[in-house]
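Written out below as structure tokens is the structure these notes cover.
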Amino acid sequence: PLTSQVKNKAPAEVQITAEQLLREAKERELELLPPPPQQKITDVEELNDYKLRKRKTFEDNIRKNRTVISNWIKYAQWEESLKEIQRARSIYERALDVDYRNVTLWLKYAEMEMKNRQVNHARNIWDRAITTLPRVNQFWYKYTYMEEMLGNVAGSRQVFERWMEWQPEEQAWHSYINFELRYKEVDRARTIYERYILFSALQHLPNVQFNHRSFFNIPVLVIVHPDVKNWIKYARFEEKHSYFAHARKVYERAVEFFGEEHMDEHLYVAFAKFEENQKEFERVRVIYKYALDRIPKQEAQNLFKNYTIFEKKFGDRRGIEDIIVSKRRFQYEEEVKANPHNYDAWFDYLRLVESDADAETVREVYERAIANVPPIQEKRHWKRYIYLWINYALYEELEAKASKRTRQVYQACVELIPHKKFTFAKIWLLYAQFEIRQKNLPLARRALGTSIGKCPKNKLFKGYIELELQLREFDRCRKLYEKFLEFAPENCTSWIKFAELETILGDIDRARAIYELAIGQPRLDMPEVLWKSYIDFEIEQEEYEKTRNLYRRLLQRTQHVKVWISFAQFELSAGREESLSRCRQIYEEANKAMRNCEEKEERVMLLESWRNFEEEFGTDTTKERIDKLMPEKIKKRRKLQAEDGSDAGWEEYYDYIFPEDTANQPNLKLLAMAKLWKKQQQESEAAQMDPDKDIDESQS
């Protein structure tokens with residue numbers, strides 16, 4: 001066979017896919033399809049011929065796919081348009097034989113009968129529909145609406161009753177209630193509400209066995225948990241129609257119905273608002289408090305909010321404070337549940353409870369708080385916890401006035417603390433002070449003695465000694481000081497207090513012996529304070545020779561400048577004729593002793609103190625001499641090094657050059673020459689800047 005020769009076999013510039021070809025063919029098919037011609041029927045024969053062709057087309061479509069219900073509906077609607085009602089009914093019936101569960105088919109069938117005013121046929125279809133498909137609410141709605149539009153109220157009520165037997169959803173019951181209300185049948189609506197509440201309960205637990213008591217008199221469904229909103233709607237219905245007593249009874253039945261196991265805040269809020277509208281404010285307050293005491297706090301947020309608004313509107317200050325306290329108490333409960341060892345939250349909670357609760361409630365919260373013992377036996381973890389016990393004891397003593405319980409709290413606390421690892425002196429001292437307030441001195445001494453025996457501490461000794469001092473038991477104080485100094489011989493404060501006690505008692509020799517023992521200790525925490533106290537003691541006793549000996553003994557141990565200055569001031573204040581010479585001699589000795597001192601600032605301090613002394617008590621000769629001893633202050637530079645040894649630059653510092661030091665004489669001469677040269681330079685510069693002034697000076 002002959003084939004066409006393709007001359008240009010190169011690919012086309014625009015490539016076309018097979019999908020694009022098919023899409024264009026489909027689009028062009030629709031475009032090129034000519035519209036059906038307008039057919040004008042002029043006689044009966046043409047009409048019959050048209051009907052025959054059309055029916056044949058519909059039947060062919062149905063024969064091809066019987067399950068496509070839209071073909072049946074189009075066929076029936078076409079027959080209906082020709083007023084062929086019998087044929088349309090036949091088509092619908094044939095379609096129902098194919099698929100009787102199709103809701104649209106039943107609706108179109110019934111609408112056709114209603115449109116053509118075939119009421120009995122429509123009733124028949126609705127009856128068949130609700131019998132076949134009773135759970136399709138649309139059938140029931142349209143059936144009742146049709147009967148109501150026809151004015152057949154009794155028939156519509158009968159349909160509703162048949163519908164209610166199937167226990168439909170909530171909206172169906174409300175439709176029935178609204179139907180009765182439209183015809184002012186309030187009693188019937190109330191009865192429907194009663195049945196609806198019962199059915200709603202049955203829907204939640206259909207297998208629950210009930211006794212034969214009347215539900216309307218005594219609710220027996222207290223073990224079920226239906227929806228609260230049904231009760232609320234029922235009560236609002238009664239309120240709307242001004243049956244306030246009935247509305248209150250509905251709310252009360254609802255509260256009894258749900259019991260305390262299935263309480264819901266929405267019910268109590270609605271109940272309270274109803275009573276608020278009736279101006280029953282005391283009843284409102286009782287309802288809110290009853291609900292808040294029984295509903296879990298995390299489920300009562302809306303209840304708290306509405307109660308607060310109510311108290312702000314109608315309550316007094318006390319009522320507002322009560323609701324705020326309840327809300328804060330809930331917050332603290334949540335905090336301590338989340339972290340039981342959050343002692344700050346416990347403190348806040350206890351402070352709140354103490355301000356607005358009875359003693360038993362406060363004790364209960366305290367017991368819960370102290371039960372949370374720190375898991376680690378380290379003192380830093382117990383510091384906040386121990387204050388729970390202290391506050392508990394103080395509350396029992398001061399607020400509850402229960403001394404016996406207070407003693408039990410203190411004893412339980414001291415038994416709980418691990419004294420071998422650490423202790424708290426505050427607890428022992430508070431316990432002893434409590435017993436003193438109860439006039440029970442033996443128990444107070446026993447508590448402090450036990451504390452010193454188990455876990456001696458400086459604070460315990462001091463507290464015990466202070467107690468005995470207040471009681472004027474000086475022999476006990478001496479024994480306690482002896483025990484204290486055996487426990488802590490390096491504590492200078494204890495030595496000083498012991499010596500002061502003996503001084504007050506007039507035993508000077510014992511006080512001096514205590515001071516001698518103290519300064520003879522190999523290790524002291526504040527030796528300068530101890531020496532100063534000893535020296536002041538001898539000065540008060542006017543033992544000046546012993547004071548000088550003490551200063552000499554102290555200078556053998558240290559050459560500190562303050563000791564020399566204090567020694568000189570002591571000699572000055574001795575008040576004798578040779579005091580000035582003695583004081584000057586001390587300054588001379590100190591100056592000689594501190595020539596080799598590395599700290600030049602201390603030597604400068606000594607010389608300044610000496611100069612002040614000479615300015616007040618000295619002569620011109622001594623003043624001139626001390627002025628010659630004063631050092632020169634010069635600025636120097638020194639090299640700095642970083643931590644890694646690298647060069648960190650230079651810094652300036654001040655140094656002192658003393659005239660007495662022979663090694664510094666060349667430096668002083670060099671410094672004087674430098675100052676003279678600088679002065680000459682300044683004078684020469686001034687002469688160059690003002691030559692006329694020099695001429696005038698030469699002429700003059």
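The backbone N, Cα and C atoms fix where each Cβ goes, and this holds for glycine too.
Features reported for this protein in TrEMBL:
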type   : residues : note
DOMAIN : 57-199   : domain 'Pre-mRNA-splicing factor Syf1-like N-terminal HAT-repeats'
DOMAIN : 230-375  : domain 'Pre-mRNA-splicing factor Syf1/CRNKL1-like C-terminal HAT-repeats'
DOMAIN : 399-552  : domain 'Pre-mRNA-splicing factor Syf1/CRNKL1-like C-terminal HAT-repeats'
COILED : 537-603  : coiled coil
REGION : 680-700  : region 'Disordered'
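Secondary structure of the domain 'Pre-mRNA-splicing factor Syf1/CRNKL1-like C-terminal HAT-repeats' (230-375) per DSSP, as helix, strand and coil residue counts: 117 helix, 0 strand, 29 coil. Sorting each residue of the domain 'Pre-mRNA-splicing factor Syf1-like N-terminal HAT-repeats' (57-199) by its DSSP state yields 114 helix, 0 strand, 29 coil. On the 0 to 100 pLDDT scale, the domain 'Pre-mRNA-splicing factor Syf1-like N-terminal HAT-repeats' (57-199) averages 90 in this prediction.
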